[in-house]
Amino acid sequence: MATPTIPHITILGSLNTDLVAYVPHHPLPGETLTATSFLTSPGGKGSNQAVACAKLSRPRSLTSPSAHVSMVGAVGSDPNGTLLLTNLTSHGVDPSLVSTLPGTKTGIAMIVVEAETGQNRIIISGEANHQVDESFLTKGNWLEKTDMLIMQLEIPMGTVLKAVEEAKKRGVDVLLNPAPAKKLPGSVYEGLKHLVVNETEAAILGDVDEEELDTLEGLERVGEKFGGMGVENFIATLGGRGVYYLTKDGKKGLVEAERGVKVVDTTGAGDTFVGRYALDAAAARKEGKEFDIEGAVKKANKAAAVTVQREGAAASIPWRDEVE
Ligand code: ATP
């Protein structure tokens, strides 16, 4: 149950079943490869970020959460959908606003991970996620109870844009992680308290070459571009380089990635970052305190470094007592 003292974070987004193959190298055109191992696991950016918020809000015992976390989305009426709902519940996410759609399949992500580098390549088939339309915004009046809304772009764009608009009307903070990267209408940025992008997303949405992000000056220019359009807090995750942040009131910096990290699988690293960052941002808002963005970025950077050292998505995200 939500209490008046802890923030309520809602994630509106995708739920997918991840089919993950670990390979010696990414296949070339026409090449057939034998995987060294294979696993099926719960995934989808929405579901992963919900699980990240929940796991990082409490110890493994599921006691004393620092946030109430709920998920809004859709799965199909198949065994994969049931497993995804169980995955949410077992990590402390409230799944009551995830619809099970009859005659529809649950979303699938085919992920190929290169053993040497831990780099992934992903193909998504959205299925039930495609049916998350504007009607999902009014179910159970969830926006009225939400302090922070987190979204990605694995559900229809129209739903995301409408959600930003509705959240803004109600004074709900919005964190957008625009993945997979798609250009957005300029008006959306005014509704964003937090924009969290990786390098590809920063380049596509910011309309710059990725090389622009190689220097601090370039990162600042891109951050200022988003700030000029209305984003209050711009955060760029830079993989093994760490994280850059720039706020509208002039706070900025590069937090270097944790050292001595042996990358096994980067899947879920960005989602872990978003989850840990969001917990601090939502708590500051709920308590009416100034948001310590540097502190939030540092904690999130540390949590994401744990995720890259483990296989899978939801399973690789640490519980709070594993990082703090
Ligand atoms: P994904 O989509 O695979 O989840 P992403 O592209 O959204 O990831 P990245 O920028 O690759 O996100 O990584 C997110 C964060 O994970 C980084 O900002 C950093 O904090 C951490 N991280 C990633 N790679 C490394 C690494 N090699 N060493 C330490 N930390 C890392």
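Backbone N, Cα and C define each Cβ position, glycine as well.
The candidate list N141, N198 contains one residue that TrEMBL assigns to the ATP site with T237, L238, G239, G240, R241, G242, G270, D271, N301, namely N198. What TrEMBL records for the substrate site is N16, T17, D18, G44, K45, G46, S47, N48, D271, and among E154, E165 the residue it adds there is E154. With respect to ligand 1, the binding-site residues N16, E154, D265, T307, R310, G312 contribute no residue with a C-beta closer than 6 angstroms to one of its atoms.
For the ATP site listed in the record, the two most distant Cα atoms among N198, T237, L238, G239, G240, R241, G242, G270, D271, N301 lie 17 Å apart. The binding-site residues recorded for this entry are L238, G240, T267, D271, S316, and the Cα of D271 lies nearest to that of K45 (substrate binding site). Remark: S47 (substrate binding site) has I11, G13, S14, L15, N16, M71, G73, L84, N87, L88, A314 as non-local neighbours, by Cβ distance under 8 Å and separation of at least 6 in sequence.
Local packing around the Cβ, expressed as the count of other Cβ atoms within 10 angstroms, is greatest for N16 among the binding-site residues N16, N198, T267, S316. Within 8 Å of the centroid defined by the CB atoms of D265, T267, T307, R310, G312, S316, the record's K(+) site, lie the Cβ atoms of V264, T266, G268, A269, V308, Q309, E311, A313, A315, I317, excluding the listed residues themselves.
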